[in-house]
Structure formats: structure tokens, C-alpha cells
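*Asks:* I'd like to ask you about the structure that follows.
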Amino acid sequence: LVMAGVESGRDGHIARNNNCVYVCFIEYTYIGTSRINCNDLCTKNGAKSGYCHQFSEYGNSCWCIDLPDNVPIKVPGDCHLQ
């Protein structure tokens with residue numbers, strides 16, 4: 001079976017390039033000093049939707065549904081702040 005033009009996506013905690021998640025409170029996270037809704041962050045990055053995943057293994061962090069493969073998600077290992 002060959003499928004042409006179909007993009008795959010995956011669900012996961014959207015991450016910055018340093019493998020750090022976007023920490024959220026209720027539904028919002030911060031990018032710099034700007035407050036953004038997790039759903040907006042996810043959809044602006046090509047996901048179908050997103051929400052603040054409360055009490056996850058990475059704390060409260062934005063979870064995206066059907067995020068494109070070219071957008072980083074949290075992978076096992078440390079968050080590299082430097």
C-alpha cells in the first residue's frame with residue numbers, strides 16, 4: 001500500500017529545541033513575556049489541537065495532538081537550559 005501526500009503526525013509534549021517542554025498553568029504558557037494558550041501554541045505549529053496536560057511526567061506542560069514530524073516533542077533525557 002502506497003500513500004502519497006499524506007503527512008504523519010504524532011501526539012506529544014511540544015518542546016523547545018533544547019528538549020524543554022512548555023510549562024503551563026491551567027491552559028496558558030509563556031513565550032518570553034507573552035502569554036499563549038496551549039491550544040494556540042500547538043495549532044500554530046501545525047497540530048490539530050492541544051491542551052495543558054496537568055500532572056504529567058514532565059509537570060504541567062502543553063500536549064499537542066497530531067503535531068507534524070518537523071516540530072520537536074519532548075524525548076527522554078534532560079532539558080538543556082544552556
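Placed from the backbone N, Cα and C atoms, the Cβ positions cover glycine too.
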*Asks:* Candidates are Cys20, Cys64. Which one does Swiss-Prot pair with Cys42 through a disulfide bond?
*Replies:* Cys64
*Asks:* Among Cys52, Cys79, find the residue that Swiss-Prot gives as the disulfide bond partner of Cys24.
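*Replies:* Swiss-Prot says the disulfide from Cys24 goes to Cys52.
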*Asks:* Taking 10 A as the limit, how many CB atoms besides its own sit near the CB of Cys52 (disulfide bond)?
*Replies:* 20
*Asks:* In terms of Cα spacing, which of the disulfide-bonded residues Cys20, Cys24, Cys52, Cys64, Cys79 are within 10 angstroms of Cys38 (disulfide bond)?
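*Replies:* Within 10 Å Cα-Cα: Cys24, Cys52, Cys64.
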